[in-house]
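Worksheet: the structure to be examined is printed underneath.
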Amino acid sequence: MSQFNVLNRYLFTDAHARGELVQLSSSFESIIKNHNYPVGVEKLLGELLCATCLLTATLKFEGDITVQLQGDGPVGYMSVSGNNKQQMRGIAKMAEETSADTLQTLIGKGTMIITIRPNAGEAYQGVVALDEESLADCLAHYFDVSEQIPTKIWLFCDTEQQLAAGALVQLLPDGDGSTENKEQQQSDFEHLCQLTNTIKSEEVFSLEAEALLYRLYHQEQVNIFEPQMVSYLCGCSADKCLSAISQIEPSEIKAILAEHGKISMTCDYCITTYDFDELSLKSFISKVNH
């Protein structure tokens with residue numbers, strides 16, 4: 001537990017493959033706090049959070065990734081964003097109350113949209129249908145379609161303990177995008193997937209990364225990189241709210257203040273409410289007289 005909110009990356013040096021393991025506690029708790037989501041929604045949001053962590057760890061540049069689920073089910077929209085510093089935020093929007101607890105019954109018929117935005121360069125998107133039974137399988141399909149890289153993902157969430165975790169195994173391409181010794185590499189990949197399939201939820205929520213990786217891969221040559229901390233970062237602030245208010249006509253600001261005595265703005269992500277009274281908005285109101 002003490003080492004949760006951490007993402008570990010590692011190489012299988014004899015198998016031309018890579019892996020990732022993310023274990024989250026307070027960063028997941030912060031995303032669901034104050035929202036009163038149903039259990040099934042919390043579980044899927046925890047899985048999506050871990051999936052986005054795993055995806056951002058694949059970035060080779062400074063930037064961010066947003067993974068959105070959109071569909072015609074009771075949860076019409078769910079989104080998690082994260083950057084190369086593993087700073088995450090997420091939200092779910094429900095069209096109706098639901099006791100559903102699977103991807104298909106929560107989102108319904110829909111799509112997964114993955115948007116990658118480098119700080120320098122053009123953003124690009126990948127879109128796949130949510131045709132698989134689980135979010136993990138949909139992500140593996142995304143890699144198969146968009147990257148042509150064999151990838152397997154495992155996702156776990158315990159809403160009672162407010163813990164979430166995920167693992168990834170991915171075959172490494174060679175320099176020109178193909179794989180050398182394909183049959184051997186595919187065999188190695190399947191072997192690593194079989195080992196990772198033995199992971200149990202009680203292990204991923206109780207063992208620290210080093211112990212868990214040893215349990216899974218003690219017969220493999222594994223090179224573990226420096227772990228990276230994962231944190232919750234909503235990004236809202238009073239200054240950003242004031243910037244939004246500045247786009248409102250001064251006369252309208254004055255009218256709202258006259259009726260309500262303040263302007264209130266609530267962040268969709270963290271549910272923090274910012275209140276601005278006449279004094280704090282004096283500079284905006286003064287424009288109405290000019």
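Heads up, the Cβ atoms here are built off N, Cα and C, so glycines get one too.
Annotation note: C236 (disulfide bond) sits in a coil segment as assigned by DSSP. Sequence-distant contacts of C236 (disulfide bond), defined by Cβ-Cβ distance under 8 angstroms and a gap of at least six in the same chain, are C267, Y269, C270, T272, Y274. As annotated by Swiss-Prot, disulfide bond applies to C234-C236 (among others).
Cβ neighbour count for C267 (disulfide bond): 17 (other Cβ atoms within 10 Å of its Cβ, all protein chains included). Look at Swiss-Prot and you will find C267-C270 (among others) tagged as disulfide bond.
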